[in-house]
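**Q** Here you go, one structure.
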Amino acid sequence: MSGEATVLAYHAPEEQEGLLVVKVEEENYVLDQDFGLQENPWSQEVFRQKFRQFSYSDSTGPREALSRLRELCCQWLRPEVHSKEQILELLMLEQFLAILPEELQAWLREHRPENGEEAVTMLEELEKELEEPRQQDTTHGQEMFWQEMTSTGALKSLSLNSPVQPLENQCKTETQESQAFQERDGRMVAGKVLMAKQEIVECVASAAMISPGKLPGETHSQRIAEEALGGLDNSKKQKGNAAGNKISQLPSQDRHFSLATFNRRIPTEHSVLESHESEGSFSMNSNDITQQSVDTREKLYECFDCGKAFCQSSKLIRHQRIHTGERPYACKECGKAFSLSSDLVRHQRIHSGEKPYECCECGKAFRGSSELIRHRRIHTGEKPYECGECGKAFSRSSALIQHKKIHTGDKSYECIACGKAFGRSSILIEHQRIHTGEKPYECNECGKSFNQSSALTQHQRIHTGEKPYECSECRKTFRHRSGLMQHQRTHTRV
């Protein structure tokens, strides 16, 4: 359980640059000399699993079994280093993960929340991310759409090899289609065809397959829809008897897809198409034909596991991997697998060193777009995370979580050497270096070591000659803020 281990592992931001909802690049510090956790931050999870999976048959007797359990428990919880509150947080986080669905457990273990509150925040952000429409990779998204459509046979009525019809022919086709629909009262056989139409609209919109020759007064989205819908074989749309034929659910819908209430406005018709999920059929009544405009991005694809709905089938497929735990995208360098291709692309930049996202203000480059957005908040001053108690705003969600401990009085990180308690694990780790004498920050110029990164930064100014603190009165500069403050007193005395 990587999430449990993070109470032991400190994620210290190298720079307090503002933040997005996403995890930042962090510098991991781990309190450990005994078990080599500095080399392998996943060791805590290994110890936890060994403790939980230990069985009586692994020992020669009850005394050895108890002794071995005690040893494994200490390796996992490390009571010689952690306070009661920290151990309690570990146990609570473990139990919280245990009650989650397996797919969410795996996702959280990969993202390693520091505590239960952060785990909840991550899950809420994941839910928001899945609900938000995101632009699809045109090539990959188009392949997924067509593969899915071909597998269900929904495109058998389409001529995929023929070019897009001229716009004038499409308008005629749509008019004929509208008349055919209105002539058939009751159930209609065109459900499957309309399903194909919706898929094609999304494919064409995604791939930006727009032909020239826009008509006057025609909107951009209408033209894309008409070009997509014009490719349907009109003769096949008109098959079926007046009483209507039930159309069974497509094979891919048996588990993954559910067509919610689907209302779509076509330039030549205004209608409401009702989906009967219980029967797996579609019906249309002449009394239901209304004069209303419909949201073209209505969510049509519903997950049968959790009920969440999506406007594109590709997003449902991506969401389903949370439930199935499928990770089809593996890194060739280290073998790590991901459920999203975008996650793999971002991960591979660690190996390649590529940083394609550059800040237009200062030129600093980043591996991911989220890191750039977070960095941009330094320039814009944006602070989207606000405390409900005092109204103070923050640029990072993690900073807000830490701030809230001021109101709750939570100081769950206690030093076992002196009993002093802290609200953040990072402060505890820095404090414990007083007792351990650890100095992990070493100057490359002279080899001198320090217990805090800020102390190393100040020291390096001796070598670089940098004096960033300037007196506004006389323009004299100083290496340290304390030197500037002491100097400014000479002006105030005068």
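Placed from the backbone N, Cα and C atoms, the Cβ positions cover glycine too.
From a predicted model like this one, the values you see are computed outputs, not experimental measurements.
Features from Swiss-Prot:
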type	residues	note
CROSSLNK	LYS197	SUMO2 cross-link
DOMAIN	48-130	domain 'SCAN box'
ZN_FING	301-323	zinc finger
ZN_FING	329-351	zinc finger
ZN_FING	357-379	zinc finger
ZN_FING	385-407	zinc finger
ZN_FING	413-435	zinc finger
ZN_FING	441-463	zinc finger
ZN_FING	469-491	zinc finger
**Q** Across the domain 'SCAN box' (48-130), what are the DSSP residue counts per state (helix, strand, coil)?
**A** 66 helix, 0 strand, 17 coil
**Q** Please average pLDDT over the zinc finger (413-435) for the predicted structure.
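**A** Across the residues of the zinc finger (413-435) the model's pLDDT averages 86 on the 0 to 100 scale.
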**Q** What residues elsewhere in the chain lie close to the zinc finger (469-491), defined as a C-beta under 8 angstroms and at least 6 residues from its ends?
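**A** Same-chain contacts beyond the flanks: 458, 461-462.
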**Q** Give the residue counts of the zinc finger (441-463) per reduced DSSP state, in the order helix, strand, coil.
**A** 11 helix, 4 strand, 8 coil
**Q** May I have the DSSP-based helix, strand and coil counts for the residues of the zinc finger (385-407)?
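**A** Across the zinc finger (385-407), the residues distribute as 11 helix, 4 strand, 8 coil.
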**Q** Under DSSP, the zinc finger (469-491) has how many residues in helix, strand and coil?
**A** 11 helix, 4 strand, 8 coil
